[in-house]
Amino acid sequence: MEPKRIREGYLVKKGSVFNTWKPMWVVLLEDGIEFYKKKSDNSPKGMIPLKGSTLTSPCQDFGKRMFVFKITTTKQQDHFFQAAFLEERDAWVRDIKKAIKCIEGGQKFARKSTRRSIRLPETIDLGALYLSMKDTEKGIKELNLEKDKKIFNHCFTGNCVIDWLVSNQSVRNRQEGLMIASSLLNEGYLQPAGDMSKSAVDGTAENPFLDNPDAFYYFPDSGFFCEENSSDDDVILKEEFRGVIIKQGCLLKQGHRRKNWKVRKFILREDPAYLHYYDPAGAEDPLGAIHLRGCVVTSVESNSNGRKSEEENLFEIITADEVHYFLQAATPKERTEWIRAIQMASRTGK
């Protein structure tokens, strides 16, 4: 019997021979991970057995490269994968860990447990806590804060984080809150903004997280930026980058000249509405930007000849300037989600 497919999608993988990062179509099975050069390929480029393997996340071996996790096999071979964003990494890590645990216990992988899970008081689910903190109504309020002639947008103070943890009854006291906030920082759920919080993370303070009104932090993917006399680390972002990120992930994009298809990481922002696309293997600057205000986005079932397209899950964006972009999602559900999100963003802001 074929092993069950648990999860699949695009991840960026580090080459085992050369120090190159390339997007791959990755499939998590009950007993291993297969990776393909393209989603349409029939045979995988490689397979990683999960029995006896260990998983490290977050993996911080590569400096500025975020959302990386590492799988080490029983033969001490390291395999590095990079997700497009934090929640995507966490979803892969959660399923891989569960698959490894199921192999060890001789069990079949199942998403829903038939037994009621008993949550111990001292056990904190950082992923769930992060989502609660980001809740627009009940979560931590993102502010524009000023310090040292700089304006930090979409951020909050260290003491606000501890205040929220205590008032939300996630922790019993501020000392326990400091421990949880440090864990959130170490796992990448919070990012330091400004010299004070960055110095604490770099080890010049006793605790990596500071319960302090002058220590600033932000959520990854929040649209954080710093204005005015900014340092090299706090880049002044253009107007088009100021919108809040509402969706991101990898899609196939057709080139305008050669008409070939390549995997690109897309980040969708609203107000102003822009869809930026990047080389998923690591470039920080976008390859291009699609201004979505007044655009039309539709699913594509047939090509210009009227015949049914051989490519599945296609959709097209036509900008107000009548530039056409053809994109391909991995599944019908993913295509629908992208179309709805782009349509919603195109009606907001500038």
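Heads up, the Cβ atoms here are built off N, Cα and C, so glycines get one too.
Taking H, G and I as helix, E and B as strand and the rest as coil, DSSP gives the domain 'PH 1' (4-101) the counts 16 helix, 41 strand, 41 coil. Per Swiss-Prot, domain 'PH 1' is recorded for 4-101, and the stated evidence type is sequence analysis.
Other Cβ atoms within 10 Å of the Cβ of Lys64 (N6-acetyllysine), summed over all protein chains shown, number 6. The N6-acetyllysine annotation in Swiss-Prot covers Lys64 and is backed by a large-scale study or a structure entry.
What Swiss-Prot lists as phosphoserine is Ser113 (among others).
The phosphoserine annotation in Swiss-Prot covers Ser117 (among others) and rests on experimental evidence.
Here Swiss-Prot flags 136-221 as domain 'DEP', drawing on sequence analysis.
Annotation comment: Swiss-Prot describes 244-347 as domain 'PH 2', evidence class sequence analysis.
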Q | DSSP residue counts for the domain 'PH 2' (244-347), split into helix, strand and coil | A | 15 helix, 47 strand, 42 coil
**Q.** Confidence summary for the domain 'DEP' (136-221), mean pLDDT rounded
**A.** 87
